[in-house]
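Asks: Per Swiss-Prot, the feature active site, proton acceptor maps to 71. Feature annotation from Swiss-Prot assigns shikimate binding site to 20, 21, 22, 67, 92, 107, 230. Annotation source Swiss-Prot lists NADP(+) binding site at 132, 133, 134, 135, 136, 228, 251.
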């Protein structure tokens, strides 16, 4: 990559951000299309967020990704917020055009794309169990509701968080039935048989741990499992799904698809099919990476 005075800059802000897999993913797509763009990590401490955002805009950055811990804190610093980002209550992508900063959330787009491409799953009228009630769960629940899911149930250790998420989405998306249960309910005999899809939005699996008592063999025929975790590529949840013959996929496809959506927002171009996911897989295969 050769950077000149004409190179258009994109990047990612977070704290920390050195571990991010987004730079190789986006730069691979820029290179494949011959676009004079570059994507770089910008470490921005929480107490410097406002100054950092103003600086990026002043320097003419085309846009940037937003990761932990800034996805919510950035909201009041933006000029406009896209409807889906407003519903989710978090932003992971910002476009800068003529000094106007517009916030988007492409996580939901990424999830829906991955569900369709990896599992052939269409949410319309289907029942989905979402494990967790944090930021990733919020984007999942919102996107599934917007896509017409018939029923979305949130299972979480903190019942208050699960209830709050379900009730909020129920008020905003009346076309979908939202419910909540304590996480321990997933081990109850027969409970899983009511769902077409199970989505893990938590960090469970990253350290080789699993969900106690969760028996995927109880899922009905044709049901699927999606795990947002992508490191390791095969979590205990996915390993169990393979053993019992349940179609499943890891979070790599979602990570690539949300990046593709951000790429389109910034450039107006479509990344070559599979380019970003291949770059991610290559980086993950490099020793010392997540």
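Any Cβ shown, glycine's included, is placed from N, Cα and C.
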Asks: Taking just the CA atoms, what is the gap between residue 135 (NADP(+) binding site) and residue 67 (shikimate binding site) in Å?
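Replies: It is 11 Å, counting Cα to Cα.
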Asks: Would you mind reading off the Cα separation of residue 20 (shikimate binding site) from residue 251 (NADP(+) binding site), to the nearest angstrom?
Replies: 15
Asks: Cα-Cα separation of residue 136 (NADP(+) binding site) and residue 107 (shikimate binding site), in Å?
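Replies: The separation of the Cα atoms works out to 8 Å.
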Asks: Within 10 Å of residue 251 (NADP(+) binding site) by C-alpha distance: pick out those among the recorded positions 22, 67, 71, 92, 107, and say none if nothing qualifies.
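Replies: The recorded positions close to residue 251 (NADP(+) binding site) (Cα within 10 Å) - there are none.
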Asks: Tell me the Cα distance separating residue 67 (shikimate binding site) from residue 132 (NADP(+) binding site), rounded to the nearest angstrom.
Replies: 19
Asks: Given residue 230 (shikimate binding site) and residue 133 (NADP(+) binding site), what distance in Å do their CA atoms have, once rounded to a whole number?
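Replies: Just about 19 Å between their Cα atoms.
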